[in-house]
Amino acid sequence: MSEQTIRLTQYSHGAGCGCKISPKVLETILHSEQAKFVDPNLLVGNETRDDAAVYDLGNGTSVISTTDFFMPIVDNPFDFGRIAATNAISDIFAMGGKPIMAIAILGWPINTLAPEIAREVIEGGRFACQQAGIALAGGHSIDAPEPIFGLAVTGIVPTERVKRNSTAQPGCKLFLTKPLGIGVLTTAEKKSLLKPEHIGLATEVMCQMNLAGAAFANIDGVKAMTDVTGFGLLGHLSEVCQGAGVQAQIVYQEIPKLPGVEEYIAQGAVPGGTQRNFASYGHLMGEMPVEWRDLLCDPQTSGGLLLAVTPESETEVKATAAEFGITLTAIGELVTARGGRPMIEIR
């Protein structure tokens, strides 16, 4: 089988960040009765489900460490590698950091798919690393029943500039740097529903590097930041709210959306991860139309940054985003938690 005709998505049961283990199941897996080793220099661990771990070196600089990998979300091997690498590197930017090095993680069905195809995947990953200004310095591979690719990435950040997902404040406005609907469009393509004018749109968005995160770190008014990936906007927003003890009010019409996404939802192009996300986070949300839920719980692969910004810093954040070709519009705001109200209200 040639590299030109291969359809990688046929060789995996999941796709991109949509193949994440559901939050409810993950909570069971991570639960431990053992006493946890406490290291005072570990600034960010997994307590708030943040994007990466952060370790204070004690000299004003902290190290950021993350890993991310998944099964193919697109058929083209080079694009798969590029998307997976971009997605992994994003975790460093989401913490406000600068990536400095990456190593590859590769699982490959060597008796089913030619090694030349795996090489194309690696080349796509290397291309993304070059875009981020880092080397793909090595890696590890195994013979696996399904193709898997991703990176372990190391970054650095001034300790005082670390951006967490748990430090938002009431009054902050919410911004999203990429449109939603990646899971919907990739599902529509698998179902042969995708219109010609929408082919390649999801890949283009997934390949956009979240470089702006390192610049947002220099703005004091950016009180919290995370990237929106497999748990969807509402899943990752709920982590922001839970970490800070606040509630969110979202205006659906202000949320950036990929072209055609609502039409494809109406045609049933909803990935399986959407329902898993709703099953995990639905109890935290107010009433909304099903079609809104299907977009807001849509698992994103290499999605955008979600920012919580003080009103005083809104102009500076928008100007910084514009330097990276990003136009920002507030999609909602955070408010003081009130009893008897859902954590996230959509209107």
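The backbone N, Cα and C atoms fix where each Cβ goes, and this holds for glycine too.
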Where Swiss-Prot shows Asp51, Asp91 binding Mg(2+), which of Asp220, Asp227, Asp294 is named for the same site?
Asp227
In sequence order, what residues of the same chain, 6+ apart, have a Cβ less than 8 Å from the Cβ of Ser141 (ATP binding site)?
Ala104, Leu106, Gly107, Trp108
May I ask for the distance between Gly139 (ATP binding site) and Asp91 (Mg(2+) binding site), taken between their Cα atoms and rounded to an integer number of Å?
18
Which whole-number value in Å describes the distance between the Cα atoms of Arg49 (ATP binding site) and Asp227 (Mg(2+) binding site)?
12
Express the distance between the Cα positions of Asp227 (Mg(2+) binding site) and Asp68 (ATP binding site) as a whole number of Å.
13
Just to verify a number: CA distance, Asp91 (Mg(2+) binding site) to Asp68 (ATP binding site), in angstrom, no decimals.
9
